[in-house]
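What follows is a set of notes on a single structure, which appears directly below.
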Amino acid sequence: MFFTSKIKETEHMEHVFDITVIGGGPVGMFTAFYAGLRNADVHLIESLPELGGQTGALYPEKEIYDVAGFPHIKGKLLVQQLESQMRAFDPQITLDTAVTNIAQAGDQFKITTSKATYYSKSVIIAIGNGAFAPRKLAFDYDSRLDHHQVDYFVHDLDDYKDLDVAIAGGGDSAVDWALTLNDIAKSVTIIHRRDKFRGLESSVKQLMTSNINVKTPFLLEGLGLDDGKLKIDLKKMKSDDHDALLVDKLLVNYGFTSDSRILRQWAIDLQGTDVLVDNHMQTSRPLIYSVGDSAYYNGKVKLIASGFGEVPTAVNHALETIYPERKQPLHSTSLFN
Ligand SMILES: Cc1cc2nc3c(=O)[nH]c(=O)nc-3n(C[C@H](O)[C@H](O)[C@H](O)COP(=O)(O)OP(=O)(O)OC[C@H]3O[C@@H](n4cnc5c(N)ncnc54)[C@H](O)[C@@H]3O)c2cc1C
């Protein structure tokens with residue numbers, strides 16, 4: 001077998017990994033896989049308790065149509081496949097742990113996290129847009145409704161089965177959820193403050209010709225409980241008209257905010273809030289790389305497919321720099337045979 005001399009267990013903080021991947025989104029997981037494939041000793045650190053990044057946390061049930069080799073694949077299935085591909089090489093995976101600093105320690109990096117300190121010969125930053133959170137409703141309401149009657153993420157479609165569901169939002173995601181839940185819920189109402197939706201034209205057309213109740217242009221003003229049902233107070237835009245809707249659940253789809261301010265403390269050059277990289281995906285600090293949504297170069301497109309493409313460039317350059325004498329075959333077929 002190709003992997004014989006790898007040290008798998010970190011028994012001491014002095015253990016020095018070849019590559020530490022920061023972020024366990026789709027691109028971070030593919031990085032850990034590919035580095036394993038190249039026989040590297042890999043550590044992946046993820047701040048959330050689960051792997052999957054935006055795909056796993058924000059749109060697990062959405063169909064993705066632009067990942068090569070899959071005509072379409074659900075977000076959560078792509079995450080499962082990436083995880084199983086990555087785990088074949090048994091990388092060290094540390095979850096629920098945020099990286100807070102990367103400091104030079106001789107020819108190594110000292111990586112400080114919310115829980116412990118680790119060492120590595122190189123670092124690949126795959127933190128996407130940083131720690132992300134859903135944009136909340138703009139008014140105060142009883143926070144005990146969250147996770148019961150007010151959702152910001154869809155974790156399981158069965159949670160909506162045979163229920164009266166309202167969806168707030170007018171973007172791609174809100175339209176996709178309305179169409180998806182229409183096959184599962186008893187009724188679906190989509191509420192948007194404008195008359196026009198920003199989704200894909202074909203999806204918007206499907207929405208407008210479906211039996212989904214389209215409530216526009218209305219603004220959500222308040223939430224309360226009415227005999228066990230969720231009462232949503234609505235106000236018609238540019239008018240004094242008010243309305244109310246009784247549903248079992250409200251799914252809010254106002255997009256997400258992300259926070260990548262931590263990057264400012266890592267002494268690397270940034271382009272806005274993203275990490276500036278060269279054509280090896282290397283940052284302004286040698287042996288620190290960035291891939292996926294966190295990386296910026298001229299012409300960058302923030303998609304899973306582009307992130308995957310950046311990974312071999314970063315990993316191979318890191319390993320060639322750390323082990324200039326080590327030559328490995330480039331094609332995975334020659335590694336597995
Ligand atoms: C609603 C929606 C729909 C989308 N649809 C598509 C689509 O159809 N096709 C497509 O190609 N792309 C789509 N995208 C974009 C796609 O999800 C991203 O391009 C992709 O997730 C980028 O992967 P990543 O691994 O670079 O970053 P992310 O997925 O953002 O993962 C980054 C990970 O890093 C972790 N992290 C952040 N800070 C730290 C830290 N300090 N320490 C440790 N861990 C940290 C985060 O918790 C996160 O898990 C969509 C995005 C959204 C929001």
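Including glycine, each Cβ sits where the backbone N, Cα and C put it.
Feature annotations, reproduced from TrEMBL:
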BINDING   Glu46, Gln54, Tyr59, Val99, Phe132, Asp293, Thr333  FAD binding site
DOMAIN    17-317  domain 'FAD/NAD(P)-binding'
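On the structure: features taken from TrEMBL.
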| residue | record | Cβ neighbours (10 Å) |
| --- | --- | --- |
| Glu46 | FAD binding site | 25 |
| Gln54 | FAD binding site | 19 |
| Tyr59 | FAD binding site | 19 |
| Val99 | FAD binding site | 22 |
| Asp293 | FAD binding site | 27 |
| Thr333 | FAD binding site | 7 |
Three-state secondary structure, which DSSP defines for Thr333 (FAD binding site): helix
Candidates near ligand 1 among the binding-site residues Glu46, Gln54, Tyr59, Val99, Thr333, judged by a Cβ under 6 angstroms: Glu46, Gln54, Tyr59, Val99
Reported mean pLDDT - the domain 'FAD/NAD(P)-binding' (17-317): 94
